[in-house]
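As written in TrEMBL, here are the features:
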- B:12-30: transmembrane segment (TRANSMEM)
- B:61-78: transmembrane segment (TRANSMEM)
- B:90-111: transmembrane segment (TRANSMEM)
- B:131-155: transmembrane segment (TRANSMEM)
- B:219-239: transmembrane segment (TRANSMEM)
- B:245-265: transmembrane segment (TRANSMEM)
Amino acid sequence: MTSDVVSVTNGVAGYDGRPVLRDVSLTVTAGEVVAILGANGSGKSTLVRAVLGLVPLSAGSVTLFGRPARRFRQWHRVGYVPQRLGAGSGVPATVAEVVAAGRLARRGILRPPGRADREAVAEALRAVGLADRAKDPVATLSGGQQQRTLIARALAGRPELLVLDEPTAGVDAVSQEAFAGALRDFTAGGGTVLLVAHELGPLRPLISRAVVVHQGVIAHDGAVPDPAGHHAAPDHDHVHPHGPEEPAGLWSAR
Amino acid sequence: MSLFQYDFMLRALLGALIIGLAAPALGIYLVQRRLALIGDGIGHVALTGVGAGLLFQTSPVLMAVVAATIGAVAIELIRERGRTSGDLALALLFYGGIAGGVVLVGLSDSTSANLNAYLFGALTTTHPEDLITIAVLGAAVLVTMLLLRPALFAVCHDEEYARVSGLPVRALNLLLAITTAITVTIAMRAVGVLLISALMVVPVATAQQVTRGFRSTMAAAMALGLFAAGAGIWMAAVADTAPGASVVVLAIASFVVVTLLAAGWRRIRRSRPQPTPVPEPHEVVLGGS
């Protein structure tokens, strides 16, 4: 067996016939913390969604824990943190109820939750600093706290691999720090992380490798590139448009 | 009430109570999914089944279950695949279902009173065997909704996450479609095709104004459904009103009362000086009802 946790070989994917990923290969080994960077529309989110099987590959292959993704069934080993909580439908749900959904991959759908499940939920909430909000409706939380709820949900399943899609986009500083802390604990326990980010912020010291996706291909795979231009300013606002006209530097590093 | 000494009233009451309990237990998932009106669509399709049953002189309820299930599965498959043509497909099912039902009922020898019974409900004509059907199917729906609550909640709350959790998302969605069809068909006896969604959706809309979690919303909605069903049948017995419509009127009245009380309570709380920051009251968005 190999220690490859995630492996994408010559992956091609797109939406409605428009190619987004063009011949991408990527390997993440156990214990690594890999950041996928890139401008909006570069294909970085599509890459992780393809890894998780949410976007089908039109060519190439994905393996998870050494097993072809198509035949992979041990989903309790994977924790997924989406970009944001879906738009609320009005039916309230408490923070603990949302986080408890993270136990389903481990427990199966028929077994009722037991003590181990409740303990895992409480521990995950403590890890992200939301233990005191467990009984509050998620809709009353700030965006950053909702994001922390989602990482708690992923952690509650005690996964070996965390896949995060822009976890800190639009998240306040307190939540970003809480996020970085939870991630640090996770990697200290031997966990593997694959995360998509627009900018790294407080997560930067945790990253062991950076992969830059540019126009559907991998433009850089190695050390975390230094922020260039005004990106380097510690508190710059991300209000400028992204796209092909992105200034040379970070995204075009090769 | 002296009227409840008659067997037919007792049967009506029992049937209404079972449906009052089961319909919101299912409806909460539909509201969460923003499919609050799906019950109406499936009800229209069920009417074609009723028509077919009357025409071929087989059990209309059985045929309605079959037609509603086919319709519900079709809607689910359309939802899963294309997003763009979804509402058009729904419209086709809605109108095709009701028109087909009316044509088939017309072709059969039954009277328009027969059609009315399915359009507006006819609880007081519930036969003992109907009651057994309602009890068995209602219990099946209730047990499924309660037993699979964590999984169904996960799928309705965040379908992609459920997929990555390895849940059988498609099977759960189809299960939800089929149980909706079954609930619609048994509720058709009680409140009629035209009011079916009310019992599934209105108690949920009422409950979620005062609850904080999914489980408590479900429990409160079931209690409200039970209350509306029981009080509605009592009102029908006392005031000689149409039972199905009475149940729905009471459900809506509870909604109005709870909305006003909740708004008043929020106003009082806001005007009071608060020593410690309290989380904002939950914003109420009605799930399309």
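Positions of Cβ are set from backbone N, Cα and C atoms, glycine also.
From a predicted model like this one, the values you see are computed outputs, not experimental measurements.
Beyond the transmembrane segment (B:61-78), the same-chain residues lying 6 or more positions past its ends with a Cβ under 8 Å from any Cβ of the stretch are 38, 41-43, 45-50, 52-53, 85-86, 89-90, 93, 97, 118, 130, 133, 173-174, 176-178, 180-182, 184-186, 188-189. Taking every listed stretch (B:12-30, B:90-111, B:131-155, B:245-265) in turn, the largest tally of C-beta pairs under 8 A with the transmembrane segment (B:219-239) is reached by B:12-30. Of the candidate ranges B:90-111, B:131-155, B:245-265, B:131-155 has the most C-beta pairs within less than 8 angstroms of the transmembrane segment (B:12-30). For the transmembrane segment (B:131-155), the residues of the chain that approach it from at least six positions outside its boundaries are 11, 14-15, 18-19, 21-22, 25-26, 29, 32, 61, 161-162, 165, 167, 169, 172-173, 175-176, 179, 182-183, 185-186, 189, 214-215, 218, judged by C-beta separation under 8 angstroms.
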